[in-house]
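Right, one structure below, let's go through it.
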Amino acid sequence: MDTMALVTMGPLLKRAQAARYGIAAFNMIDYNSARSIVEGAAALDAPIIVQVSVKTIKHWGYKAIAGWVRMLADDVDVPVALHLDHCSDADVIRRCIDAGWTSVMFDGSALPFAENRARSQEIYRMTEAAGVGLEAEIGAIGGVEDDKFVAEDAAILADYDECVAFVKDMPNLAVFAPAIGTAHGFYKGQPKIAYDLLARITAAVPIPIALHGGTGLSQEQFDRCIANGCAKVNISTMHKHRFIEGFVGVRTEKPKLEEPLPFIAGQYEAMKKDVLDMIRAFGSAGRAAHAAGLEARP
Ligand code: 13P
């Protein structure tokens, strides 16, 4: 396969959902992290989504992030999408689109349903005009994402009828994120995933589903979510932990080391190992050409 540069994630996710595998979406932290994500995917010939939290953009700037990910994508033979994670600010969304993001998430889940739908539709018109994919959310996913906190017991499952009504006027939505009982961060107890609700939404809505809160789910939970229509699987917390552990681990092993590059290398290896593990867990290894629409295999 020739290099493909950055692609939009909607078509990748549609193919993944039809063939029942999940495409990993990792929240990148810096260049080393983005590199571990893209090169990890390339090592397994898997499609990949590099997603970015608003606070990470505020730290590094739009141009730096878009430049890093575009450069990394240019060097590999797998489809790479650059996605904006949870964002409720239309101005940030616009700036990401202008800087070269290939998809964005509008998170209006804190708004009343009618307002969330109206705002999501406005953003949908903006993304459609720009040729960029959109992810939209309803219900409330528990835990912390960026500066938003939803207590796990205050998380609200998406309402089935609202899901159907929500996506009706957004037929080209790249991915839909209904809250199904998962949460951001490490789980305190066993998550109660509403598989029946997920299956009913997937049957009624012709749009791939995003699984938020991937950190800490078991292989069986991933399998059941993917079998029931989740095509985008988000991992952030675990990646952040590997970023820190990888660096600190080198210090523990070699307390006298003064050269910084081995720390960066240790951090890269720790993050990449997790990227490989997750891609295998989601069944997307070897699926780059399939996801890109370059393969006849169903
Ligand atoms: P985790 O932090 O639980 O992996 O969730 C990531 C996520 O869903 C980002 O939107």
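Here the Cβ of each residue, glycine as well, is placed from N, Cα and C on the backbone.
Worth saying up front: this structure is predicted, and the values here are computed from it rather than measured.
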Same-site residue for Zn(2+) 1 (record: TrEMBL; known: HIS86, HIS184; options: HIS212, HIS239): HIS212
Listed in TrEMBL for the dihydroxyacetone phosphate site shared with GLY213, GLY214, THR215, ASN234, ILE235, SER236, THR237, one of GLY185, GLY189, GLY249: GLY185
Binding-site residues whose CB lies under 6 angstroms from ligand 1, from ASP107, GLU137, HIS212: HIS212
Between ASN234 (dihydroxyacetone phosphate binding site) and HIS212 (Zn(2+) 1 binding site): CA-CA distance (Å): 5
Neighbouring recorded positions, C-alpha within 10 angstroms of GLY214 (dihydroxyacetone phosphate binding site) - of ASP85, HIS86, ASP107, GLU137, HIS184: HIS184
Any further residue of that chain within 8 Å (Cβ to the Cβ centroid of GLY185, GLY213, GLY214, THR215, ASN234, ILE235, SER236, THR237) of the recorded dihydroxyacetone phosphate site: ASN27, HIS184, HIS212, GLY216, MET238, HIS239
Fewest other Cβ within 10 angstroms of its own Cβ, chosen from the recorded positions ASP85, HIS86, GLY185: GLY185
Those binding-site residues, out of GLY185, GLY213, ILE235, SER236, THR237, that come within 10 angstroms of HIS86 (Zn(2+) 1 binding site) at the Cα: none
